[in-house]
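> One structure coming up, written as structure tokens, with questions to follow.
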Amino acid sequence: MSSEKIKLVDEVFGSVKNTITYEQLHNINGKFHNISDKFVENISESISEPTTINSKKKTSELIFSEETLNNVEIIDTEPYLSDYHKHAIDFENDVIMKEPILSLKSEQYTVHPIKYQKVWDNYKDQMKNYWTVEEVDLAKDVNDWNNHLSDDDRNFIMHVLAFFAAADGIVNANIKENLIDVVKIKEAECAYGFQYAMENAHGEMYSLMLTTFVKDDALRNKLINSIKTMPSIKKKADWCNKWIKSDKTYAHKLVAFSIVEGVFFSGSFASIFWLKTREMHVMPGLIISNQFIARDENKHVELACIMYSLLNNRLKESVVYQIIDEAIEIEEEFINDSLPCKLLGMNSELMSQYIKYVADRLLVDLGYRKKFNVDNPFEYMKKIDVFVKANFFEKRNDAYSNANIDNEKKIVFLENF
């Protein structure tokens, strides 16, 4: 077999660490010609069963025999053989057919009958948690910001708000690109639609706090444009955007963004909740909005885990571990940047442990084994977890307004209707 052919196969498969999609075969400079059915079959097997590639071995040795590769010629002109394209399209359709929630056969325009009860219940829970930015009073926060916080306090809060202000927009970009139009079941469409609306509220809340607290124009603009101006936040945003634009499967993207909302967000939530441990009870508006948003995000991660459980073809544990390791490395860099100084009861070492604890919890919810096996280092977060997972708002003045969402049979007519 010629070295040119080996180079071609390594170019295709050597650049992919875990899975191979047929689109990646199109995105190379070399072209396949005279492709045998056996060759296409081998490609399909590689795609349908994600393979962890040993970088020390030639990819061609792992997947193809020399005899099979000898059936491949390299040409420099378009188009590919239509026969190859047919095999690729047929394979993609076969994968979708194996996932009912992605199949057009599952599409319906009416809400009822409900077929996926857990997804529907999640949607209803999201509705019960509905809140608006106008409910949050920031008057005391402004005084606390100016008079009761240290420079270190303000520094880490600004980092967290800067990340969150951009992150909710990134999450919505993923919902538009990879979720709401890809999943064909009505229950998920409802749940993703409500999530999209609440992510907008989150972004509005964080942006409002930045403009309210930070009066220096240059600093405020830097924070608002953090995905361009702050390296540790840019790295997080780049990782998210990599998955938005990736040609990996729905399962990959579902796992990746469950990590974004379940791991990237958790450390920042914990750092804000730490303020609640302060004796002076500073920044009440920031804290209560953080509670509202943490509740929402808990439901969003729950939705991702429910959707993942509905897939017939889930990722290998080693693949999920690799994705979560990448995310934790990026998150630890953000933590070190946000918390360069040790605060009372809060530092980068403890936060790193907390991130791994949260990652383990997410792995279990996705159906995998724990990887890090560490304890929750923050006692105060155990109490917060109870609040976040509860089905009521203890501090909302209008909590009663959503009390009848579950009571679908209760209909009241006005006397003069």
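Placement of Cβ uses the backbone N, Cα and C atoms for every residue, glycine included.
Since we're looking at a predicted model, the values are computed, not measured.
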> Quick check: of E261, E333, E349, which does Swiss-Prot put in the same Fe cation 2 site as E199, E297, H300?
E261
> Based on Swiss-Prot, name the residue from D168, D181, D217, D238 that is recorded for the same Fe cation 1 site as E199, H202.
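Between D168, D181, D217, D238, Swiss-Prot records just one in the Fe cation 1 site with E199, H202, namely D168.
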> Do you know offhand how many angstrom separate E261 (Fe cation 2 binding site) and Y206 (active site) by C-alpha?
16
> Tell me whether E297 (Fe cation 2 binding site) sits in a helix, a strand or coil according to DSSP.
helix
> Counting every protein chain present, what is the number of Cβ atoms, excluding its own, within 10 Å of the Cβ of E261 (Fe cation 2 binding site)?
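Total other Cβ atoms inside 10 Å, all chains included: 24.
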> Can you list, in sequence order, the residues of the same chain other than E199, E261, E297, H300 whose CB lies within 8 Å of the CB centroid of the Fe cation 2 site?
D168, V171, Q195, M198, H202, F265, D296, K299, V301
